[in-house]
Amino acid sequence: MAAVKTLNPKAEVARAQAALAVNISAARGLQDVLRTNLGPKGTMKMLVSGAGDIKLTKDGNVLLHEMQIQHPTASLIAKVATAQDDITGDGTTSNVLIIGELLKQADLYISEGLHPRIITEGFEAAKEKALQFLEQVKVSKEMDRETLIDVARTSLRTKVHAELADVLTEAVVDSILAIRKKDEPIDLFMVEIMEMKHKSETDTSLIRGLVLDHGARHPDMKKRVENAYILTCNVSLEYEKTEVNSGFFYKSAEEREKLVKAERKFIEDRVKKIIELKKKVCGDSDKGFVVINQKGIDPFSLDALAKEGIVALRRAKRRNMERLTLACGGIALNSFDDLNPDCLGHAGLVYEYTLGEEKFTFIEKCNNPRSVTLLVKGPNKHTLTQIKDAIRDGLRAVKNAIDDGCVVPGAGAVEVALAEALIKYKPSVKGRAQLGVQAFADALLIIPKVLAQNSGFDLQETLVKVQAEHSESGQLVGVDLSTGEPMVAAEMGVWDNYCVKKQLLHSCTVIATNILLVDEIMRAGMSSLKG
């Protein structure tokens with residue numbers, strides 16, 4: 001009888017074999033759900049929420065976030081996989097598959113009486129060897145546009161259909177190349193993702209500038225300005241109450257008039273400064289002048305600015321202030337005391353676009369923009385969400401490739417090569433831990449197997465072909481998903497991120513090891529004692 005039972009008769013306990021069976025069945029269950037959506041030929045899942053909202057996706061991360069998982073072990077695996085996405089942006093489905101398969105392979109040996117500790121020692125040895133081998137097969141190369149496009153395409157094709165993936169690939173790579181500075185880390189926040197419910201998803205495009213999701217607030221302001229100076233500021237151009245609660249007493253109407261005038265004058269002086277600057281830089285030329293303010297602009301000020309032909313946008317989002325100065329140049333001002341032409345940015349074209357009730361302001365044709373916008377278009381909400389998730393992963397894939405300075409061949413090529421290397425390494429491991437290494441090698445093959453299966457080919461036949469080709473040629477050979485034949489992944493431009501594979505080997509081994517070593521599950525928390 002479990003010791004915990006004597007202390008708490010209501011506790012639920014699962015011992016040794018039962019505990020392991022519970023955990024392994026959870027891992028298998030999760031693996032079966034995600035198995036079919038691995039790779040570019042994977043199938044979609046439809047998630048229907050309690051409110052009846054529909055989400056169509058084959059992104060493992062989105063699925064694991066949205067699915068309500070009751071089983072504690074399964075939710076542990078799901079958390080590991082979503083953490084993988086947070087760190088590297090890819091590899092969630094592979095993560096779940098490999099953990100499930102490691103446990104499945106281990107189960108075969110444990111059912112024959114092998115102790116889990118011995119298998120986990122084998123797993124550790126295999127992981128160390130696999131990481132060494134990964135160092136050998138990684139391909140260090142110049143991260144030019146072609147390579148980055150291959151990396152992004154490999155990632156994006158697993159999230160959305162091929163035609164859309166090709167459109168997004170170019171946009172994603174060009175956006176990263178635009179914001180990239182030498183010897184500085186890439187800041188993905190400098191790529192704004194703006195959505196428009198409009199046209200079809202293949203109209204998604206890269207705007208080399210900014211798109212703001214609001215328009216000018218005055219009917220007389222121009223809807224299109226070419227060759228414009230841009231003043232970015234965070235200065236209030238409306239009457240604001242004083243910070244302390246103060247009251248003014250006046251004896252006559254004249255005094256009240258004076259008070260109102262004094263209050264207005266404060267704002268009018270600021271507006272005059274903008275107008276003077278505009279006259280100074282534009283003169284009589286037809287150059288435009290645009291003010292983008294983070295705070296409010298009241299109707300009087302808008303009117304004064306409109307008369308001078310200045311376009312003014314108020315209440316711009318804070319995150320866009322930094323992006324504006326990076327895209328157009330200039331300096332964001334917090335006061336107008338030292339207002340001079342050096343503070344101004346420049347854009348070749350600023351125009352307003354109205355879509356139903358919504359207005360968008362496009363700031364384009366900037367010289368050498370350091371911040372860009374990906375304009376996501378799609379006919380409905382769930383298409384937009386799907387594209388946004390895909391773009392985020394695509395951006396991360398390109399960033400990882402640049403940060404790593406190297407890539408590894410995809411299409412299951414690395415897994416096949418790793419499995420073969422581990423089988424060769426197996427005899428040098430002492431004792432029964434060899435079985436753990438064998439289990440690890442077999443588990444890695446789940447990736448090429450499932451890739452082939454999802455494409456409609458026989459998984460054993462395809463795997464045998466690929467392994468034979470790998471042994472003969474010595475090259476890293478993956479599965480060609482359109483024919484089911486072996487192919488040299490590097491020649492076809494199928495590349496995966498090195499850091500994703502490295503993270504996969506680490507996290508899968510750690511979690512599988514921990515789950516195998518569980519020999520007792522107790523549900524004896526405070527909540528289960530009530531009743």
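Glycine is treated like the rest: Cβ placed from N, Cα and C.
What you are looking at is a predicted structure, and each value in this text was computed from that prediction instead of being measured.
What Swiss-Prot records for A2 is N-acetylalanine, and it gives a large-scale study or a structure entry as the kind of evidence.
According to Swiss-Prot, the feature N6-acetyllysine maps to K5 (among others), an assignment based on a large-scale study or a structure entry.
In the three-state DSSP classification, A411 (ATP binding site) falls within coil. Residues or ranges marked as ATP binding site by Swiss-Prot on the basis of similarity to another entry: G39, G91, T92, T93, A411, G412, D496, K501.
Taken residue by residue with DSSP, T92 (ATP binding site) is part of a helix. The ADP binding site annotation in Swiss-Prot covers G39, G91, T92, T93, S94, T158, K159, A411, D496.
Swiss-Prot lists D90 with the feature Mg(2+) binding site. The 10 Å shell around the Cβ of D90 (Mg(2+) binding site) contains 29 further Cβ atoms across the protein chains shown.
Long-range neighbours of K199 (N6-acetyllysine) (same chain, six or more residues apart, CB within less than 8 Å of its CB): K377, G378, P379. K199 (N6-acetyllysine) falls outside any helix or strand according to DSSP and counts as coil. The annotation N6-acetyllysine is assigned in Swiss-Prot to K199 (among others).
Taken from Swiss-Prot, the feature phosphoserine applies to S205. Applying an 8 A CB threshold to same-chain residues 6+ apart, the list for S205 (phosphoserine) reads A171, L374, L375, K377.
Annotated SUMO2 cross-link per Swiss-Prot: K251, in sequence order, evidence recorded as similarity to another entry. Proximity of K251 (SUMO2 cross-link) to non-local residues of its own chain (separation of 6 or more, Cβ distance below 8 Å) is seen for none.
If you look up Swiss-Prot, you'll see K287 (among others) marked as N6-acetyllysine. DSSP assigns K287 (N6-acetyllysine) to coil in the three-state reduction, outside any helix or strand.
Residues or ranges marked as N6-acetyllysine by Swiss-Prot on the basis of a large-scale study or a structure entry: K365 (among others). Note on K365 (N6-acetyllysine): other Cβ atoms within 10 Å of its Cβ, all shown chains, come to 17.
What Swiss-Prot records for K377 (among others) is N6-acetyllysine, and it gives similarity to another entry as the kind of evidence. According to DSSP, K377 (N6-acetyllysine) sits within a strand segment.
Counting every protein chain shown, the number of other Cβ atoms lying within 10 Å of the Cβ of K388 (N6-acetyllysine) is 17. According to Swiss-Prot, the N6-acetyllysine annotation covers K388 (among others), on the basis of similarity to another entry.
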Query = Which residues, sitting 6 or more apart from G412 (ATP binding site) on the same chain, put a CB under 8 Å from its CB?
reply = I447, P448, L451, A452, V466, G478, V479
Key: Rounded to the nearest Å - Cα separation of D496 (ATP binding site) and K388 (N6-acetyllysine)   = 20
Inquiry  = Let me check the 10 A CB neighbour count of A411 (ATP binding site). How many other CB atoms are there?
reply    = 29
Key: Other C-beta atoms that fall within 10 angstroms of the C-beta of K159 (ADP binding site)   = 27
Ask   = So for T92 (ATP binding site), how many other CB atoms are inside 10 Å of its CB?
value = 28
Query = Rounded to a whole number, how many Å is the Cα of K501 (ATP binding site) away from the Cα of D90 (Mg(2+) binding site)?
reply = 9
Task = Between any two of G39, G91, T92, T93, S94, T158, K159, A411, D496, the residues recorded as binding ADP, what is the biggest Cα to Cα distance in Å?
result = 16
Query = Expressed to the nearest Å, what is the distance separating G91 (ATP binding site) and K159 (ADP binding site) at their Cα atoms?
reply = 11
